[in-house]
Amino acid sequence: MVNSSMVMGFIQDKNKFNNCINECFEMLDIDGNGMLSRELLYGGLHKLLSLENNTNQEEEINNLYEVIFKRFDKDEKGLIDQMEFESLIRELMLAMAHGIGDLPVLVALKEHSLLMKATQHEVASLKEGS
């Protein structure tokens with residue numbers, strides 16, 4: 001069960017959220033150059049966001065990545081650095097939180113997805129509070 005306050009709590013815990021972003025960036029940056037190409041981002045972003053990779057929607061996916069690079073590739077080098085990646089993920093997570101709303105939503109989460117990390121953060125917070 002996921003709701004907006006769970007996702008927002010994860011985003012607002014700056015240490016946990018930034019650690020998660022750093023881990024995700026390192027996982028996607030398989031060549032270790034500190035930059036994410038379109039191919040590297042395409043290869044991993046759907047896993048982080050628990051999205052299905054449907055090849056029937058290839059044009060829509062390409063359009064999405066075009067928008068991502070126009071919005072977040074500030075230096076227009078065709079690469080996303082770690083700070084740009086953090087901005088991208090923060091904005092996507094905020095959009096998901098607003099889209100989910102206050103009512104709990106039952107979703108199947110992938111093991112290393114950001115929503116799974118938000119859920120784990122919530123469970124850890126509840127354990128610390130009891």
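Just so it is clear, glycine is given a Cβ too, placed from its N, Cα and C backbone atoms.
Listed in TrEMBL:
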DOMAIN    16-51  domain 'EF-hand'
DOMAIN    60-95  domain 'EF-hand'
Integer mean pLDDT for the domain 'EF-hand' (16-51): 88
Secondary structure content, the domain 'EF-hand' (60-95) (per DSSP, counts of residues): 27 helix, 2 strand, 7 coil
